[in-house]
Amino acid sequence: MVVSNTTTTTQNCDNSSSSVTAIMAVVAGLDNRHGSDETMGYDKPQTELAVFKTFTLIVIIAVSVCGNGIMCFIVVRDKSLHRPPFYFLLNIALADMLRALHCLSFTASAVSHHGWIYGKAVCQVIAFFNVLLTFGSVFTLFVLAISRYAVFRYHKFHRLKMSFLACLLVILVAWALAIVMAFPPVFGLGSYTYIPREYQCNYDHRFYKSNDTLGFILVLVISIILTHLMYLKSLIFLRHHRKMTPINFVPASSNNWTFYGPGATGRAAANWVTGFAGLGPPPPTLVGFSQYARRSHLHAHFKRESETTRTTYIITLAFLVLWLPYIIYNYIIIFVRDYNFSEQFVAMATWMTYLQVCVNPIICFCCNRNLRKSLMTVANCIKGRNTWMNNERQQAYQYTGER
């Protein structure tokens with residue numbers, strides 16, 4: 001697709017609002033380096049820098065779609081992962097994948113064309129979904145932090161009440177709050193516009209006396225702070241309930257060499273089974289073994305939940321690290337009039353927020369044993385299926401050759 005003039009380009013692109021068209025426009029924009037002076041926010045950087053930015057966005061989109069797609073497939077397929085933390089991780093993966101496909105593809109097209117070529121209406125739609133998916137991820141992370149605290153503080157209630165329907169209801173509430181945060185600019189509170197230095201459609205942050213977007217950025221920061229406070233509360237609770245207690249040795253009791261009691265080692269039960277226990281009653285040692293098994297199972301459960309909590313907190317911490325420069329950048333724009341940022345800082349802060357859509361599946365597969373095990377199981381099943389199909393194909397060829 002070669003751009004002949006500005007009018008034709010604007011009319012054709014206003015009718016195309018799909019992410020597939022945006023990706024096709026990226027390829028066309030890489031070959032057309034002259035653009036139009038009448039496009040919104042026209043800025044003509046060096047060709048090499050534009051190619052590099054477009055390439056990084058394409059890589060981020062590909063990694064996000066592949067990683068989050070695999071994450072969604074594994075959580076849906078493996079029934080052992082049908083639990084509250086993985087339901088929330090599935091929701092975050094879907095939000096990141098949709099943001100990469102629906103929003104970053106248009107950003108890559110804007111970078112390759114040195115400006116926005118799709119019109120104001122499409123820009124408002126893309127900005128709405130950009131804000132909606134971002135706040136959806138933030139509120140889901142907050143709900144996930146509350147769920148992690150409830151696992152340790154109210155584990156019986158969490159196990160009995162946090163079913164699939166309860167998790168679905170919580171996720172719907174999180175998305176309802178995200179819609180509340182994304183809809184006001186549509187009705188005039190604040191504004192969605194194309195930001196040339198960021199190559200994206202987003203809130204138009206200006207000085208706070210002439211702008212209405214301060215509340216939105218405050219909600220984002222408060223949600224992130226509350227999420228980290230919930231993890232801190234979980235850490236304090238675990239620390240208070242994991243204090244070492246001195247071991248009190250209680251000797252075993254016996255009146256006929258059938259030792260039983262807390263200090264018994266199980267030798268009495270073995271002697272009684274083999275017939276060397278004398279005439280005494282059966283030792284009640286095995287009852288202690290069942291209690292120990294229950295304690296061991298509870299310890300394994302908390303160990304597994306602690307590993308999952310560590311994974312979710314690393315995801316939350318990565319979100320904070322990747323969004324912190326952009327949040328600082330927005331706050332300075334709002335509270336400091338006419339402050340000039342360098343192009344390098346704006347590009348770094350913006351691209352770090354783009355990078356956030358592809359890091360979550362990497363963290364999950366690197367830090368969580370259950371997800372790695374499910375991934376290996378799926379890979380082995382696919383490998384076994386391919387081997388079986390190849391064997392069947394070879395047998396069919398041999399049978400055809402013999403005939």
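Every residue gets a Cβ built from N, Cα and C, even glycine.
If one looks beyond the transmembrane segment (55-76) by at least 6 residues along the same chain, the residues whose Cβ comes under 8 Å of a Cβ in the stretch are 26, 82, 86-87, 89-90, 93-94, 96-97, 99-101, 104-105, 107-108, 111, 351, 354-355, 357-358, 360-362, 364, 371, 374-375, 378. The transmembrane segment annotation in TrEMBL covers 55-76 (among others).
Taken from TrEMBL, the feature domain 'G-protein coupled receptors family 1 profile' covers 67-364.
Beyond the transmembrane segment (88-108), the same-chain residues lying 6 or more positions past its ends with a Cβ under 8 Å from any Cβ of the stretch are 19, 22-23, 26, 54, 57-58, 60-61, 64-65, 68-69, 71-72, 75-76, 118, 122, 126, 129-130, 133-134, 136-137, 140-141, 143-144, 147, 167, 171, 174, 199-201, 312, 315, 354, 356-358, 360-361, 364. Look at TrEMBL and you will find 88-108 (among others) tagged as transmembrane segment.
With a threshold of 8 Å between CB atoms, the same-chain residues lying at least 6 positions outside the transmembrane segment (128-151) that come near it are 84-85, 88-89, 91-92, 95-96, 98-99, 102-103, 157-158, 162, 170-171, 174-175, 177-179, 181-183, 185-186, 192, 200-203, 216, 219-220, 223-224, 226-228, 230-231, 233-234, 237, 305, 308-309, 312-313, 315-316, 319. For 128-151 (among others), the entry in TrEMBL reads transmembrane segment.
What TrEMBL lists as transmembrane segment is 163-183 (among others).
Residues or ranges marked as transmembrane segment by TrEMBL: 213-232 (among others). Residues of the same chain lying 6 or more positions beyond the ends of the transmembrane segment (213-232) and with a Cβ under 8 Å from any Cβ of it are 131, 134-135, 138-139, 141-142, 145-146, 148-149, 181, 184-185, 190, 203-206, 309, 313, 316-317, 319-320, 323, 327, 330-331, 334.
Proximity of distant same-chain residues to the transmembrane segment (313-333), defined by a Cβ-Cβ separation under 8 Å and at least 6 residues beyond the stretch ends, is recorded for 89, 92, 137-138, 141, 144-145, 148, 203, 205-207, 217, 220-221, 224, 227-228, 231, 339, 341, 345-346, 348-350, 352-353, 355-356, 359-360, 363-364, 367. Taken from TrEMBL, the feature transmembrane segment applies to 313-333 (among others).
TrEMBL lists 345-367 (among others) with the feature transmembrane segment. Long-range neighbours of the transmembrane segment (345-367) within the same chain, counting only residues 6 or more positions beyond its ends whose Cβ lies under 8 Å from a Cβ of the stretch, are 53, 56-57, 60, 63-64, 67-68, 70-71, 89, 92-93, 96-97, 99-100, 104, 107, 197-200, 307, 310-311, 314-315, 318-319, 322-323, 325-326, 328-329, 375.
Under 8 Å from some Cβ of the transmembrane segment (163-183) lie the Cβ atoms of residues 82, 84, 87-88, 91, 128-129, 131-133, 135-136, 138-140, 142-143, 216, 219, all in the same chain and six or more residues away from its ends. For the domain 'G-protein coupled receptors family 1 profile' (67-364), the model's average pLDDT works out to 82.
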